[in-house]
Amino acid sequence: MGEPKGNNLLQTLDLAKTQWYHFTAIIVAGMGFFTDAYDLFSISLLTKLLGRIYYTDYTSPKPGILPANVYAAVTCVALCGTLAGQLFFGWLGDKLGRKSVYGVTLILMVLCSVCSGLSFGHRAKTTMTTLCFFRFWLGFGIGGDYPLSATIMSEYANKKTRGAFIAAVFSMQGFGILVGGIVSLIVTSSYNNKYPRPPYEVDPVGSLPAQADYVWRIILMLGAVPAAITYYWRMKMPETARYTALIEKNAKKAAADMSKVLNMDVDEEEAARVMKKQKPEFGLFSKEFLRRHGIHLLATTTTWFFLDIAFYSQNLFQKDIFSAVGWIPKARTLSALEEAFKVARAQTIIALCGTVPGYWFTVAFIDVLGRFWIQIMGFFFMTVFMLGISIPYHHWTTSGNHAGFIIMYAFTFFFANFGPNSTTFIVPAEIFPARLRSTCHGISAACGKLGAIVGSIGFLYASQSPHASERDPGYSAGFGVRKALIMLAATNFVGLAFSLLVPESKGISLEEMAQELDDDAHDDGYNEKQRTVPVPV
(Lines of atoms letter the chains of each structure in order from A and count residues from 1; the text may use other names and numbers.)
(Lines give C-alpha, C1' and ligand atoms only; values in the text may rest on other atoms or scores of the structure.)
Protein backbone atom coordinates (compact mmCIF):
# COMPACT_ATOMS: atom_id res chain seq x y z
CA MET A 1 0.00 0.00 0.00
CA GLY A 2 3.04 2.26 0.18
CA GLU A 3 3.72 2.41 -3.56
CA PRO A 4 4.48 5.77 -5.15
CA LYS A 5 1.58 7.12 -7.15
CA GLY A 6 1.41 9.38 -10.14
CA ASN A 7 -1.64 11.33 -11.16
CA ASN A 8 -3.07 8.39 -13.13
CA LEU A 9 -2.90 4.61 -13.41
CA LEU A 10 -0.09 4.55 -15.97
CA GLN A 11 2.17 6.77 -13.90
CA THR A 12 1.52 4.47 -10.97
CA LEU A 13 2.83 1.61 -13.11
CA ASP A 14 5.81 3.68 -14.28
CA LEU A 15 6.81 4.68 -10.75
CA ALA A 16 6.00 1.43 -8.93
CA LYS A 17 8.70 -0.41 -7.04
CA THR A 18 9.79 -3.79 -8.32
CA GLN A 19 7.47 -6.52 -7.04
CA TRP A 20 7.98 -10.25 -6.62
CA TYR A 21 5.47 -10.65 -9.45
CA HIS A 22 7.91 -9.05 -11.88
CA PHE A 23 10.46 -11.77 -11.19
CA THR A 24 7.80 -14.44 -11.55
CA ALA A 25 6.86 -12.97 -14.92
CA ILE A 26 10.51 -13.04 -16.02
CA ILE A 27 10.74 -16.76 -15.26
CA VAL A 28 7.37 -17.67 -16.78
CA ALA A 29 7.88 -15.62 -19.95
CA GLY A 30 11.58 -16.48 -20.06
CA MET A 31 10.93 -20.22 -20.12
CA GLY A 32 9.27 -19.67 -23.48
CA PHE A 33 12.50 -18.19 -24.80
CA PHE A 34 14.52 -20.93 -23.14
CA THR A 35 12.45 -23.41 -25.14
CA ASP A 36 12.66 -21.25 -28.27
CA ALA A 37 16.45 -21.24 -28.28
CA TYR A 38 16.74 -24.90 -27.31
CA ASP A 39 14.46 -25.95 -30.18
CA LEU A 40 15.77 -23.55 -32.84
CA PHE A 41 19.47 -24.16 -32.26
CA SER A 42 19.57 -27.80 -31.11
CA ILE A 43 18.95 -28.88 -34.69
CA SER A 44 22.37 -27.46 -35.63
CA LEU A 45 23.92 -29.95 -33.19
CA LEU A 46 22.22 -32.86 -34.91
CA THR A 47 22.49 -32.28 -38.66
CA LYS A 48 25.81 -34.14 -38.94
CA LEU A 49 24.31 -37.09 -37.06
CA LEU A 50 21.20 -37.03 -39.27
CA GLY A 51 23.45 -37.04 -42.35
CA ARG A 52 25.29 -40.12 -41.10
CA ILE A 53 22.12 -42.00 -40.19
CA TYR A 54 20.09 -41.36 -43.34
CA TYR A 55 22.50 -40.44 -46.14
CA THR A 56 25.69 -42.46 -45.72
CA ASP A 57 27.01 -44.36 -48.74
CA TYR A 58 29.28 -46.94 -47.12
CA THR A 59 31.37 -47.23 -50.28
CA SER A 60 32.38 -43.56 -49.92
CA PRO A 61 35.58 -42.58 -48.07
CA LYS A 62 33.57 -39.95 -46.13
CA PRO A 63 30.48 -40.40 -43.95
CA GLY A 64 27.15 -39.11 -45.22
CA ILE A 65 25.92 -35.55 -44.91
CA LEU A 66 22.51 -34.01 -45.50
CA PRO A 67 22.03 -33.05 -49.17
CA ALA A 68 21.97 -29.31 -49.79
CA ASN A 69 18.19 -29.07 -50.26
CA VAL A 70 17.49 -31.24 -47.22
CA TYR A 71 19.99 -29.30 -45.09
CA ALA A 72 18.39 -26.02 -46.10
CA ALA A 73 14.89 -27.35 -45.37
CA VAL A 74 15.75 -28.84 -41.96
CA THR A 75 17.66 -25.73 -40.93
CA CYS A 76 15.24 -23.09 -42.18
CA VAL A 77 11.77 -24.59 -41.93
CA ALA A 78 11.45 -23.69 -38.23
CA LEU A 79 12.60 -20.16 -39.07
CA CYS A 80 9.87 -19.91 -41.72
CA GLY A 81 7.33 -21.04 -39.15
CA THR A 82 8.69 -18.54 -36.65
CA LEU A 83 8.33 -15.70 -39.16
CA ALA A 84 4.70 -16.63 -39.83
CA GLY A 85 3.98 -17.00 -36.10
CA GLN A 86 5.46 -13.61 -35.28
CA LEU A 87 3.21 -11.87 -37.78
CA PHE A 88 0.07 -13.82 -36.86
CA PHE A 89 0.37 -13.82 -33.07
CA GLY A 90 1.69 -10.26 -33.05
CA TRP A 91 -1.49 -9.12 -34.78
CA LEU A 92 -3.65 -11.40 -32.61
CA GLY A 93 -2.05 -10.05 -29.43
CA ASP A 94 -3.39 -6.59 -30.23
CA LYS A 95 -6.80 -7.87 -31.28
CA LEU A 96 -7.60 -10.42 -28.56
CA GLY A 97 -5.20 -9.48 -25.79
CA ARG A 98 -1.71 -10.48 -24.84
CA LYS A 99 -2.65 -13.08 -22.26
CA SER A 100 -5.55 -14.69 -24.12
CA VAL A 101 -3.30 -16.15 -26.85
CA TYR A 102 -0.21 -16.62 -24.68
CA GLY A 103 -1.03 -20.21 -23.74
CA VAL A 104 -1.63 -21.28 -27.36
CA THR A 105 1.98 -20.61 -28.32
CA LEU A 106 3.22 -22.74 -25.43
CA ILE A 107 0.94 -25.66 -26.32
CA LEU A 108 2.22 -25.58 -29.90
CA MET A 109 5.83 -25.63 -28.69
CA VAL A 110 5.27 -28.57 -26.33
CA LEU A 111 3.33 -30.70 -28.83
CA CYS A 112 5.60 -30.03 -31.78
CA SER A 113 8.80 -30.59 -29.77
CA VAL A 114 7.54 -34.06 -28.90
CA CYS A 115 6.28 -34.73 -32.43
CA SER A 116 9.63 -33.64 -33.94
CA GLY A 117 11.32 -36.42 -32.01
CA LEU A 118 8.61 -38.87 -33.07
CA SER A 119 9.04 -38.10 -36.79
CA PHE A 120 7.65 -41.07 -38.66
CA GLY A 121 9.67 -43.86 -40.21
CA HIS A 122 13.30 -44.80 -40.56
CA ARG A 123 13.79 -43.86 -44.21
CA ALA A 124 15.36 -40.57 -45.19
CA LYS A 125 12.52 -39.08 -47.21
CA THR A 126 9.75 -39.97 -44.75
CA THR A 127 11.69 -38.92 -41.67
CA MET A 128 12.95 -35.62 -43.07
CA THR A 129 9.52 -34.70 -44.45
CA THR A 130 7.71 -35.27 -41.17
CA LEU A 131 10.53 -33.63 -39.20
CA CYS A 132 10.22 -30.50 -41.36
CA PHE A 133 6.42 -30.51 -40.99
CA PHE A 134 6.52 -30.57 -37.21
CA ARG A 135 9.39 -28.08 -37.01
CA PHE A 136 7.43 -25.59 -39.08
CA TRP A 137 4.60 -25.64 -36.55
CA LEU A 138 7.09 -25.64 -33.71
CA GLY A 139 8.50 -22.44 -35.21
CA PHE A 140 4.97 -21.05 -35.56
CA GLY A 141 4.47 -21.36 -31.80
CA ILE A 142 7.93 -19.99 -31.09
CA GLY A 143 7.16 -16.99 -33.29
CA GLY A 144 4.19 -16.03 -31.14
CA ASP A 145 6.36 -15.88 -28.04
CA TYR A 146 8.44 -12.98 -29.39
CA PRO A 147 5.83 -10.19 -29.59
CA LEU A 148 3.71 -11.48 -26.71
CA SER A 149 6.49 -11.93 -24.15
CA ALA A 150 8.16 -8.65 -25.03
CA THR A 151 4.90 -6.70 -24.92
CA ILE A 152 3.69 -8.27 -21.67
CA MET A 153 6.98 -7.59 -19.90
CA SER A 154 7.21 -4.01 -21.17
CA GLU A 155 3.64 -3.27 -20.05
CA TYR A 156 4.14 -4.81 -16.60
CA ALA A 157 7.44 -3.06 -15.83
CA ASN A 158 8.20 0.35 -14.38
CA LYS A 159 10.10 2.72 -16.63
CA LYS A 160 13.27 2.70 -14.52
CA THR A 161 13.99 -1.04 -14.85
CA ARG A 162 11.89 -1.88 -17.91
CA GLY A 163 14.86 -2.55 -20.16
CA ALA A 164 16.49 -4.92 -17.65
CA PHE A 165 13.25 -6.87 -17.22
CA ILE A 166 12.69 -7.33 -20.96
CA ALA A 167 16.37 -8.20 -21.43
CA ALA A 168 16.15 -10.75 -18.60
CA VAL A 169 13.26 -12.49 -20.37
CA PHE A 170 15.23 -12.59 -23.61
CA SER A 171 18.43 -13.69 -21.83
CA MET A 172 16.80 -17.04 -21.11
CA GLN A 173 17.52 -17.71 -24.77
CA GLY A 174 21.20 -17.96 -23.85
CA PHE A 175 20.47 -20.60 -21.22
CA GLY A 176 18.38 -22.47 -23.80
CA ILE A 177 21.35 -22.59 -26.18
CA LEU A 178 23.67 -23.64 -23.34
CA VAL A 179 21.35 -26.33 -21.99
CA GLY A 180 20.76 -27.63 -25.51
CA GLY A 181 24.50 -28.20 -25.78
CA ILE A 182 24.73 -29.78 -22.32
CA VAL A 183 21.79 -32.13 -22.98
CA SER A 184 23.39 -33.15 -26.27
CA LEU A 185 26.67 -33.83 -24.47
CA ILE A 186 24.95 -36.01 -21.86
CA VAL A 187 22.84 -37.99 -24.32
CA THR A 188 25.59 -38.55 -26.92
CA SER A 189 28.23 -39.49 -24.33
CA SER A 190 25.81 -41.87 -22.59
CA TYR A 191 25.01 -43.70 -25.82
CA ASN A 192 28.64 -43.63 -26.93
CA ASN A 193 29.76 -45.22 -23.66
CA LYS A 194 27.03 -47.85 -23.93
CA TYR A 195 27.59 -48.53 -27.64
CA PRO A 196 31.24 -47.63 -28.48
CA ARG A 197 32.10 -47.80 -32.16
CA PRO A 198 35.28 -47.45 -34.27
CA PRO A 199 35.97 -44.42 -36.53
CA TYR A 200 34.37 -44.33 -39.96
CA GLU A 201 37.69 -44.78 -41.77
CA VAL A 202 38.28 -48.04 -39.85
CA ASP A 203 34.79 -49.53 -40.18
CA PRO A 204 32.19 -47.45 -42.09
CA VAL A 205 29.25 -49.68 -41.24
CA GLY A 206 30.29 -50.31 -37.65
CA SER A 207 30.91 -46.60 -36.90
CA LEU A 208 27.15 -45.99 -36.66
CA PRO A 209 25.25 -47.89 -33.94
CA ALA A 210 21.58 -48.55 -34.65
CA GLN A 211 20.75 -46.80 -31.39
CA ALA A 212 22.01 -43.48 -32.79
CA ASP A 213 18.52 -42.94 -34.20
CA TYR A 214 17.25 -42.53 -30.65
CA VAL A 215 19.83 -39.85 -29.81
CA TRP A 216 18.54 -37.02 -31.98
CA ARG A 217 14.93 -37.87 -31.16
CA ILE A 218 15.50 -37.73 -27.40
CA ILE A 219 17.37 -34.42 -27.64
CA LEU A 220 14.58 -32.78 -29.63
CA MET A 221 11.78 -34.11 -27.41
CA LEU A 222 13.41 -32.88 -24.20
CA GLY A 223 12.80 -29.33 -25.47
CA ALA A 224 9.15 -29.75 -24.44
CA VAL A 225 9.94 -30.11 -20.72
CA PRO A 226 10.59 -26.48 -19.64
CA ALA A 227 7.65 -25.15 -21.63
CA ALA A 228 5.28 -27.75 -20.17
CA ILE A 229 6.41 -26.98 -16.62
CA THR A 230 5.50 -23.29 -16.89
CA TYR A 231 2.17 -23.67 -18.71
CA TYR A 232 0.07 -23.45 -15.51
CA TRP A 233 1.73 -20.22 -14.35
CA ARG A 234 1.49 -18.67 -17.79
CA MET A 235 -2.25 -19.21 -17.82
CA LYS A 236 -2.54 -17.63 -14.34
CA MET A 237 -0.91 -14.37 -15.46
CA PRO A 238 -3.38 -11.44 -15.61
CA GLU A 239 -3.83 -9.32 -18.71
CA THR A 240 -1.70 -6.18 -18.71
CA ALA A 241 -3.42 -3.09 -17.31
CA ARG A 242 -2.25 -1.09 -20.32
CA TYR A 243 -4.14 -3.41 -22.66
CA THR A 244 -7.35 -3.42 -20.63
CA ALA A 245 -7.26 0.36 -20.12
CA LEU A 246 -6.02 1.64 -23.49
CA ILE A 247 -7.38 -1.00 -25.88
CA GLU A 248 -10.29 -2.79 -24.19
CA LYS A 249 -11.19 0.46 -22.39
CA ASN A 250 -12.35 -1.53 -19.38
CA ALA A 251 -11.46 0.58 -16.34
CA LYS A 252 -12.67 -1.95 -13.79
CA LYS A 253 -10.67 -4.82 -15.25
CA ALA A 254 -7.59 -2.62 -15.71
CA ALA A 255 -7.64 -1.71 -12.03
CA ALA A 256 -8.11 -5.36 -11.04
CA ASP A 257 -5.28 -6.55 -13.30
CA MET A 258 -2.93 -3.90 -12.00
CA SER A 259 -3.81 -4.73 -8.39
CA LYS A 260 -2.69 -8.33 -8.96
CA VAL A 261 0.64 -7.26 -10.39
CA LEU A 262 1.52 -4.57 -7.85
CA ASN A 263 -0.14 -6.17 -4.81
CA MET A 264 -1.98 -2.98 -3.98
CA ASP A 265 -5.46 -1.49 -4.27
CA VAL A 266 -5.95 0.54 -7.47
CA ASP A 267 -8.80 2.98 -7.92
CA GLU A 268 -10.99 2.26 -10.93
CA GLU A 269 -11.31 6.00 -11.51
CA GLU A 270 -7.58 6.23 -12.25
CA ALA A 271 -8.02 3.90 -15.22
CA ALA A 272 -11.05 5.88 -16.38
CA ARG A 273 -9.05 9.14 -16.34
CA VAL A 274 -6.38 7.60 -18.56
CA MET A 275 -8.96 6.53 -21.13
CA LYS A 276 -10.27 10.10 -21.38
CA LYS A 277 -6.81 11.43 -22.22
CA GLN A 278 -6.16 9.11 -25.17
CA LYS A 279 -5.48 10.80 -28.48
CA PRO A 280 -7.50 9.80 -31.57
CA GLU A 281 -6.64 6.33 -32.80
CA PHE A 282 -4.95 5.57 -36.12
CA GLY A 283 -4.17 2.36 -37.99
CA LEU A 284 -0.93 0.69 -39.02
CA PHE A 285 -1.35 1.73 -42.66
CA SER A 286 -2.44 5.30 -41.96
CA LYS A 287 -0.58 8.48 -42.82
CA GLU A 288 -0.54 9.35 -39.12
CA PHE A 289 1.32 6.15 -38.26
CA LEU A 290 3.78 6.81 -41.06
CA ARG A 291 4.35 10.36 -39.81
CA ARG A 292 4.81 9.37 -36.17
CA HIS A 293 6.40 5.93 -36.36
CA GLY A 294 7.47 5.26 -39.94
CA ILE A 295 11.15 5.90 -39.19
CA HIS A 296 10.86 3.87 -35.98
CA LEU A 297 9.47 0.84 -37.83
CA LEU A 298 12.15 1.19 -40.52
CA ALA A 299 14.80 1.24 -37.78
CA THR A 300 13.52 -1.82 -35.90
CA THR A 301 12.93 -3.94 -39.01
CA THR A 302 16.21 -3.22 -40.81
CA THR A 303 18.47 -3.56 -37.79
CA TRP A 304 16.86 -6.85 -36.77
CA PHE A 305 17.09 -8.10 -40.37
CA PHE A 306 20.83 -7.43 -40.71
CA LEU A 307 21.58 -8.66 -37.19
CA ASP A 308 19.92 -12.03 -37.76
CA ILE A 309 21.71 -12.61 -41.05
CA ALA A 310 24.96 -12.74 -39.09
CA PHE A 311 23.67 -14.12 -35.78
CA TYR A 312 21.84 -17.16 -37.15
CA SER A 313 24.53 -17.91 -39.73
CA GLN A 314 27.12 -18.04 -36.97
CA ASN A 315 24.95 -20.15 -34.66
CA LEU A 316 23.62 -22.65 -37.17
CA PHE A 317 26.95 -23.21 -38.94
CA GLN A 318 29.37 -23.18 -36.02
CA LYS A 319 30.16 -26.84 -36.55
CA ASP A 320 31.17 -26.22 -40.17
CA ILE A 321 33.34 -23.26 -39.21
CA PHE A 322 34.99 -25.26 -36.42
CA SER A 323 35.61 -28.16 -38.81
CA ALA A 324 37.11 -25.78 -41.37
CA VAL A 325 39.66 -24.39 -38.88
CA GLY A 326 40.46 -27.84 -37.50
CA TRP A 327 38.95 -27.52 -34.01
CA ILE A 328 36.64 -30.47 -34.74
CA PRO A 329 38.55 -33.45 -36.28
CA LYS A 330 37.70 -34.75 -39.74
CA ALA A 331 34.46 -36.71 -39.75
CA ARG A 332 36.06 -39.86 -41.13
CA THR A 333 38.36 -40.08 -38.07
CA LEU A 334 35.38 -40.30 -35.68
CA SER A 335 32.42 -42.54 -35.07
CA ALA A 336 28.98 -41.00 -35.50
CA LEU A 337 28.37 -40.43 -31.78
CA GLU A 338 31.92 -39.17 -31.18
CA GLU A 339 31.39 -36.52 -33.86
CA ALA A 340 28.03 -35.50 -32.38
CA PHE A 341 29.69 -35.20 -28.96
CA LYS A 342 32.53 -33.00 -30.23
CA VAL A 343 30.11 -30.71 -32.09
CA ALA A 344 28.02 -30.30 -28.94
CA ARG A 345 31.14 -29.67 -26.83
CA ALA A 346 32.38 -26.93 -29.16
CA GLN A 347 29.05 -25.11 -29.21
CA THR A 348 28.60 -25.47 -25.45
CA ILE A 349 31.98 -23.82 -24.84
CA ILE A 350 31.06 -20.89 -27.08
CA ALA A 351 27.66 -20.53 -25.35
CA LEU A 352 29.26 -20.63 -21.90
CA CYS A 353 32.07 -18.19 -22.67
CA GLY A 354 30.41 -15.76 -25.07
CA THR A 355 26.68 -16.17 -25.53
CA VAL A 356 25.33 -16.34 -21.96
CA PRO A 357 27.61 -13.61 -20.47
CA GLY A 358 26.65 -11.24 -23.30
CA TYR A 359 22.94 -11.51 -22.49
CA TRP A 360 23.48 -10.75 -18.81
CA PHE A 361 25.78 -7.82 -19.47
CA THR A 362 22.81 -6.35 -21.33
CA VAL A 363 20.55 -6.97 -18.32
CA ALA A 364 23.06 -5.17 -16.09
CA PHE A 365 23.72 -2.15 -18.30
CA ILE A 366 20.66 -1.62 -20.52
CA ASP A 367 19.10 0.93 -18.16
CA VAL A 368 22.46 2.60 -17.55
CA LEU A 369 23.94 2.96 -21.04
CA GLY A 370 20.64 2.92 -22.90
CA ARG A 371 19.44 0.92 -25.90
CA PHE A 372 20.98 3.12 -28.58
CA TRP A 373 24.59 2.99 -27.39
CA ILE A 374 24.54 -0.72 -26.57
CA GLN A 375 23.24 -1.49 -30.07
CA ILE A 376 25.83 0.75 -31.73
CA MET A 377 28.63 -0.73 -29.62
CA GLY A 378 27.49 -4.29 -30.30
CA PHE A 379 27.32 -3.92 -34.07
CA PHE A 380 30.70 -2.14 -34.08
CA PHE A 381 32.54 -4.86 -32.17
CA MET A 382 30.78 -7.63 -34.08
CA THR A 383 32.18 -6.06 -37.24
CA VAL A 384 35.65 -5.69 -35.74
CA PHE A 385 35.91 -9.25 -34.42
CA MET A 386 34.39 -10.76 -37.55
CA LEU A 387 37.02 -8.98 -39.63
CA GLY A 388 39.61 -10.12 -37.10
CA ILE A 389 38.83 -13.78 -37.76
CA SER A 390 38.10 -13.52 -41.48
CA ILE A 391 40.90 -11.37 -42.94
CA PRO A 392 43.75 -13.45 -41.40
CA TYR A 393 41.59 -16.60 -41.72
CA HIS A 394 44.39 -18.82 -43.00
CA HIS A 395 46.48 -17.90 -39.97
CA TRP A 396 43.75 -19.21 -37.65
CA THR A 397 43.49 -22.51 -39.54
CA THR A 398 47.13 -23.44 -38.90
CA SER A 399 48.02 -25.68 -35.99
CA GLY A 400 48.57 -23.84 -32.70
CA ASN A 401 46.31 -20.91 -33.56
CA HIS A 402 42.92 -22.54 -33.01
CA ALA A 403 42.57 -21.18 -29.48
CA GLY A 404 42.96 -17.62 -30.73
CA PHE A 405 40.26 -18.19 -33.34
CA ILE A 406 37.84 -19.54 -30.74
CA ILE A 407 38.44 -16.57 -28.43
CA MET A 408 37.82 -14.08 -31.25
CA TYR A 409 34.78 -16.02 -32.39
CA ALA A 410 33.36 -16.09 -28.84
CA PHE A 411 33.71 -12.30 -28.65
CA THR A 412 31.47 -11.91 -31.71
CA PHE A 413 28.75 -13.78 -29.80
CA PHE A 414 29.40 -11.79 -26.64
CA PHE A 415 28.88 -8.47 -28.44
CA ALA A 416 25.93 -9.80 -30.41
CA ASN A 417 24.14 -10.47 -27.14
CA PHE A 418 25.59 -7.49 -25.27
CA GLY A 419 24.37 -5.55 -28.26
CA PRO A 420 21.83 -5.78 -31.07
CA ASN A 421 20.54 -9.30 -30.46
CA SER A 422 19.07 -8.01 -27.19
CA THR A 423 18.25 -4.42 -28.11
CA THR A 424 16.42 -5.30 -31.33
CA PHE A 425 14.09 -7.37 -29.16
CA ILE A 426 13.65 -4.67 -26.50
CA VAL A 427 13.12 -1.48 -28.50
CA PRO A 428 10.03 -2.50 -30.55
CA ALA A 429 8.23 -3.34 -27.29
CA GLU A 430 8.72 0.23 -26.07
CA ILE A 431 8.26 2.74 -28.87
CA PHE A 432 4.91 1.92 -30.52
CA PRO A 433 1.32 2.65 -29.33
CA ALA A 434 -0.37 0.03 -27.14
CA ARG A 435 -2.96 -0.90 -29.77
CA LEU A 436 -0.17 -1.61 -32.33
CA ARG A 437 2.66 -2.62 -29.99
CA SER A 438 2.41 -6.39 -30.40
CA THR A 439 1.78 -6.09 -34.15
CA CYS A 440 4.81 -3.85 -34.73
CA HIS A 441 7.02 -6.06 -32.58
CA GLY A 442 5.85 -9.05 -34.61
CA ILE A 443 6.65 -7.26 -37.88
CA SER A 444 10.10 -6.28 -36.61
CA ALA A 445 10.81 -9.81 -35.38
CA ALA A 446 9.55 -11.31 -38.65
CA CYS A 447 12.02 -9.15 -40.58
CA GLY A 448 14.69 -10.54 -38.29
CA LYS A 449 13.68 -14.10 -39.13
CA LEU A 450 13.67 -13.20 -42.81
CA GLY A 451 17.28 -12.16 -42.30
CA ALA A 452 17.95 -15.46 -40.50
CA ILE A 453 16.55 -17.39 -43.47
CA VAL A 454 18.57 -15.34 -45.96
CA GLY A 455 21.70 -15.71 -43.88
CA SER A 456 21.28 -19.43 -43.23
CA ILE A 457 20.65 -20.39 -46.85
CA GLY A 458 23.18 -17.87 -48.12
CA PHE A 459 25.96 -18.99 -45.78
CA LEU A 460 25.21 -22.66 -46.53
CA TYR A 461 26.10 -22.12 -50.17
CA ALA A 462 28.51 -19.18 -49.94
CA SER A 463 30.79 -21.01 -47.47
CA GLN A 464 31.41 -23.87 -49.89
CA SER A 465 34.88 -23.94 -51.38
CA PRO A 466 35.33 -22.79 -54.99
CA HIS A 467 37.49 -25.91 -55.50
CA ALA A 468 35.51 -29.06 -56.31
CA SER A 469 37.82 -31.34 -54.31
CA GLU A 470 37.17 -29.36 -51.11
CA ARG A 471 33.38 -29.02 -51.43
CA ASP A 472 30.77 -31.20 -49.79
CA PRO A 473 29.18 -33.63 -52.29
CA GLY A 474 26.17 -32.18 -54.12
CA TYR A 475 27.03 -28.52 -53.44
CA SER A 476 27.87 -25.93 -56.07
CA ALA A 477 30.93 -23.68 -55.88
CA GLY A 478 30.82 -20.94 -53.26
CA PHE A 479 33.18 -18.25 -52.00
CA GLY A 480 34.73 -20.25 -49.17
CA VAL A 481 34.44 -19.75 -45.42
CA ARG A 482 36.82 -16.78 -45.33
CA LYS A 483 34.91 -14.66 -47.84
CA ALA A 484 31.58 -15.73 -46.34
CA LEU A 485 32.74 -14.41 -42.94
CA ILE A 486 33.85 -11.14 -44.55
CA MET A 487 30.36 -10.80 -46.02
CA LEU A 488 28.90 -11.27 -42.53
CA ALA A 489 31.19 -8.52 -41.25
CA ALA A 490 29.85 -6.21 -43.95
CA THR A 491 26.31 -7.12 -42.93
CA ASN A 492 27.08 -6.13 -39.34
CA PHE A 493 28.39 -2.77 -40.52
CA VAL A 494 25.18 -2.09 -42.47
CA GLY A 495 23.23 -2.95 -39.32
CA LEU A 496 25.32 -0.39 -37.45
CA ALA A 497 24.45 2.28 -40.02
CA PHE A 498 20.69 1.66 -39.71
CA SER A 499 21.03 1.71 -35.91
CA LEU A 500 21.49 5.47 -36.15
CA LEU A 501 17.71 5.62 -36.70
CA VAL A 502 16.89 3.83 -33.44
CA PRO A 503 15.28 6.10 -30.80
CA GLU A 504 16.43 6.02 -27.19
CA SER A 505 13.69 4.85 -24.83
CA LYS A 506 15.65 4.56 -21.58
CA GLY A 507 13.67 5.88 -18.62
CA ILE A 508 10.76 7.15 -20.74
CA SER A 509 7.17 6.05 -20.28
CA LEU A 510 5.69 3.83 -22.99
CA GLU A 511 2.90 6.34 -23.55
CA GLU A 512 5.36 9.20 -23.90
CA MET A 513 7.45 7.31 -26.44
CA ALA A 514 4.33 6.53 -28.47
CA GLN A 515 2.81 10.04 -28.02
CA GLU A 516 -0.35 8.23 -26.99
CA LEU A 517 -1.91 10.59 -24.44
CA ASP A 518 -2.59 14.31 -24.21
CA ASP A 519 0.43 16.35 -23.20
CA ASP A 520 -0.89 17.02 -19.69
CA ALA A 521 -1.31 13.31 -18.97
CA HIS A 522 2.28 13.13 -17.72
CA ASP A 523 4.27 15.65 -15.79
CA ASP A 524 7.65 14.02 -15.21
CA GLY A 525 9.74 16.26 -17.43
CA TYR A 526 9.65 14.36 -20.69
CA ASN A 527 11.74 15.98 -23.39
CA GLU A 528 10.14 16.15 -26.83
CA LYS A 529 13.52 15.67 -28.48
CA GLN A 530 13.98 12.27 -26.90
CA ARG A 531 11.43 10.62 -29.15
CA THR A 532 12.48 12.22 -32.41
CA VAL A 533 16.25 11.68 -32.48
CA PRO A 534 18.24 8.57 -31.70
CA VAL A 535 20.71 10.09 -29.26
CA PRO A 536 19.45 11.54 -25.95
CA VAL A 537 19.89 15.29 -25.70
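A Cβ is built for glycine as well, from the same backbone N, Cα and C atoms used for every other residue.
If one looks beyond the transmembrane segment (20-47) by at least 6 residues along the same chain, the residues whose Cβ comes under 8 Å of a Cβ in the stretch are 66, 71, 74-75, 78-79, 82, 105-106, 109, 113, 116, 135, 138-139, 142, 145, 149, 152-153, 156-157, 165, 168-177, 179-181, 183-184, 215-216, 219-220, 223-224, 226-227, 229-230, 233-234, 237, 260-263, 315-319, 340, 343-344, 347. Marked as transmembrane segment by TrEMBL: 20-47 (among others).
Sequence annotations record features per position, and here TrEMBL assigns domain 'Major facilitator superfamily (MFS) profile' to 25-507. In the predicted model, residues of the domain 'Major facilitator superfamily (MFS) profile' (25-507) average a pLDDT of 88.
Residues or ranges marked as transmembrane segment by TrEMBL: 68-89 (among others).
Residues or ranges marked as transmembrane segment in TrEMBL: 101-121 (among others). Sequence-distant contacts of the transmembrane segment (101-121) (same chain, at least 6 residues past either end, Cβ-Cβ under 8 Å): 32, 35-36, 39, 85, 89, 92-93, 127-128, 130-131, 134-135, 137-138, 140-145, 148, 152, 216-224, 227-228, 230-231, 234-235, 237.
Non-local neighbours of the transmembrane segment (163-187) in the same chain are 22, 25-26, 29-38, 41-42, 45-46, 149-150, 153-154, 156-157, 215, 218-219, 222-223, 315, 340-341, 343-345, 347-348, 351-352, 355-356, 358-360, 362-364, 366-367, 371, 417, 422, 425-426, 429-430, 505-506; each lies 6+ residues outside the stretch with a CB under 8 Å from one of its CB atoms. Among the features that TrEMBL reports, transmembrane segment is placed at 163-187 (among others).
The feature transmembrane segment is assigned by TrEMBL to 214-233 (among others).
The transmembrane segment annotation in TrEMBL covers 349-366 (among others).
Feature annotation from TrEMBL assigns transmembrane segment to 372-391 (among others). Among residues of the same chain six or more beyond the transmembrane segment (372-391), those with a C-beta under 8 A of the stretch's C-beta atoms are 303, 307, 310, 362, 365-366, 405, 408-409, 411-412, 415-424, 427, 482-483, 485-486, 488-489, 492-493, 495-496, 499-500, 502-504, 534-536.
The transmembrane segment annotation in TrEMBL covers 403-422 (among others). Within its own chain, the transmembrane segment (403-422) is flanked in space by residues 167, 170-171, 174, 303-304, 307, 310-311, 314, 321, 325, 327, 349-351, 353-359, 361-362, 365-366, 374-375, 377-379, 381-382, 385-386, 388-389, 396-397, 495, 499, which lie at least six positions past its ends and keep a Cβ under 8 Å from the stretch.
Here TrEMBL flags 442-463 (among others) as transmembrane segment. Residues of the same chain lying 6 or more positions beyond the ends of the transmembrane segment (442-463) and with a Cβ under 8 Å from any Cβ of it are 68, 71-72, 75-76, 79-80, 82-84, 86-91, 93, 143, 146-147, 297, 300-302, 304-313, 316-317, 320-321, 324, 424-425, 428, 475-476, 478-481, 483-484, 487-488, 491.
The transmembrane segment annotation in TrEMBL covers 484-502 (among others).
Within its own chain, the transmembrane segment (349-366) has Cβ neighbours under 8 Å at 163-164, 167-168, 170-171, 173-175, 177-178, 181, 318, 374, 406, 409-419, 421-423, 426, 506, counting only residues six or more beyond its boundaries.
Outside the transmembrane segment (68-89) by six or more residues, the chain places 39-40, 43-44, 47, 50, 55, 101, 104-105, 124, 128, 131-132, 135-148, 312, 316, 438, 442-443, 445-446, 449-450, 452-453, 456-457, 460-461, 472, 474-475 with a CB less than 8 A from a CB of the stretch.
Counting residues 6+ beyond its ends, the transmembrane segment (484-502) has Cβ neighbours under 8 Å at 295-296, 298-300, 302-303, 306-307, 309-310, 313-314, 321, 371-372, 375-376, 379-380, 382-383, 386-387, 389-391, 393, 420, 423, 427, 455, 459, 462-463, 478, 534 in the same chain.
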